[in-house]
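Novice: Got a structure for you, questions after.
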Amino acid sequence: MIVSENVSTLRLSEKFILLLILSAFITLCFGAFFFLPDNSKHKRFDFGLEDVLIPHIESEKEARHSSRQVIHGVGAHDEHHAYICMNTLQDEIQHPNISQRTTHSGAICCSLWGLNPLFTLWMCMMKHAWDSYRQYGWGHNELKPIAKKGHSTNIFGSSQMGATIVDALDTLYIMGLHDEFKDGQEWIEQNLDFSVNAEVSVFEVNIRFIGGLLAAYYLSGQEVFKVKAVQLAEKLLPAFNTPTGIPWAMVNLKSGVGRNWGWASAGSSILAEFGTLHMEFVHLTYLTGNPAYYQKVMHIRKLLAKMDRPNGLYPNYLNPRTGRWGQHHTSVGGLGDSFYEYLLKAWLMSDKTDTEARKTYDDAIEAIERHLIRKSNGGLTFIGEWKNGHLERKMGHLTCFAGGMFALGADGSPDDKAGHYLQLGAEIAHTCHESYDRTVLKLGPEAFKFDSGLEAVAVRQNEKYYILRPEVIETYWYMWRFTHDPKYRQWGWEAVQAIDKYCRVSGGFSGVKDVYSSNPTYDDVQQSFFLAETLKYLYLLFSSDELLPLENWVFNTEAHPLPVLHLGNITLPGSETQQ
């Protein structure tokens, strides 16, 4: 009996000691999650610009002769470790009592991969998305992760252009997944061909392909990416052959014949499409010396500056034949969104010398505040849509990017309103978080309303889906960079838990059709922007501010980072000053 009691006492003591150790470990991991800085190395590259910080991926030779720990990139990836990491994370999300912040899975991933546990989670998700595409959809534009085959939509035409490969390249590079990056580069070198008979969206191909290729070039210095970007840009130029110079929405890459979407108002071009070319085209002129790209986008700006705007607002539709507005519908979400974004970013990308772009942005935002931004009865700030003189109290998921835009544009605002716009960004971020938090899945619907007693909730069935969109997380990242308020990291973590729990399938990640259903069905599409934007913004949200600092880099609307052009006394070819 005495021996038995001693054994029992010893076991209880051991359990108590283990419990203390576990508690200390959880506390340590919690701190790592939210407060430890990223000690990643960076290397300076000079591409004829001012030196800019980019992630440094060590070569195999450097790694062999270096005693320093490699943070970004793990050398040869151990698939067994990735499997354990992902399945442990999945188990924790399904059993929330273990830990709210997955410290257990983070610790396992950290010990197995030798990385910061939080970074590893995003890398695990990126690896799962990329590896699934690599296995089931390689060369296709996107992936059907449940059917486990390639997928495409009409924005890419009928050709297999590898949209996911091009869109994901810079994310792979930033995360240090260099084996995967090299696979993508090899495919582009050997297979990416723009001489195909395919009708593509000028807007989508610009932001995903040209933006993605330019970012890959600036980050890696590999000439092939610049060459491919210029080849594609030349194929897009015929789209501008209209009576007004406003480009068609679509162009055939082989014939150069353009046309507009059949559903657009009276054959109109769309504001967010022809207004979202400036960043990429200015860089094309800078890199090639060809003035055509710069002249095309500046012509668009000058034409818009001469036009009357109802209530100071820009309608979403403009006829490229007549130069007249179509339906008077104004939105900061779909059809309008990135037009305003690129006005601000044109100013930022010019090292704040393009004051015309800044003034145009400020005037547009002033009109938007006056006519579209309201507070709900419950105190939520939202951005509605203006339709023929009437405000529709509905906000789209796409509109949620505007919180980050307001924060990004706060510095330099007229009349000392920087604080006002930073606060406005915070209010939009809060509203968009509520749209997530008021669903069953904790994922945001495509659109949500603010009337009839409902706030930040989708009403129509066709607005209840989530297709792996990035805009809310994008705003969390910008708000974190400018405020360092830990709630934005907490909200980002809530979103990634929900994405991994409800959107992860064996063949990748899929959108869901109803975020208010506890048993949602899948749409069976892994969007290329999930790898380009959603996972990149999540990674950056928990990274050091020194990784792609905003004073040196400007992100295009597909989250592809392009460097600020510190031109000084240099003048772009084709500019009025040069002429």
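Along the chain as shown, residues are numbered 1 onward.
Cβ atoms here come from the backbone N, Cα and C positions, even for glycine.
Copying in the features that TrEMBL gives for the protein in this structure:
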TRANSMEM  16-36  transmembrane segment
ACT_SITE  Glu204  active site, proton donor
ACT_SITE  Asp337  active site
DISULFID  Cys400-Cys432  disulfide bond
ACT_SITE  Glu446  active site, proton donor
ACT_SITE  Glu471  active site
BINDING   Thr557  Ca(2+) binding site
Novice: Show which residues of the chain containing Glu471 (active site), separated from it by at least 6 in sequence, have their CB under 8 Å from its CB.
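Specialist: Non-local contacts for Glu471 (active site): His397, Leu398, Thr399, Cys400, Phe401, Cys432.
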Novice: If I take the alpha carbons of Glu446 (active site, proton donor) and Thr557 (Ca(2+) binding site), what is the distance between them in whole Å?
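Specialist: The Cα atom of Glu446 (active site, proton donor) is 18 Å away from the Cα atom of Thr557 (Ca(2+) binding site).
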Novice: Taking every protein chain shown into account, which of the active-site residues Glu204, Asp337, Glu446 has the largest tally of Cβ atoms within 10 Å of its Cβ?
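Specialist: In terms of Cβ crowding, the pick is Asp337.
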Novice: My understanding is the cutoff is Cβ-Cβ under 8 Å with a sequence separation of 6 or more in the same chain; which residues meet that for Thr557 (Ca(2+) binding site)?
Specialist: Ile207, Gly211, Thr276, Asp337, Ser338, Glu341, Tyr342
Novice: When a 10 Å sphere is centred on the Cβ of Cys400 (disulfide bond), how many other Cβ atoms does it contain?
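Specialist: So the Cβ neighbour count for Cys400 (disulfide bond) comes to 30.
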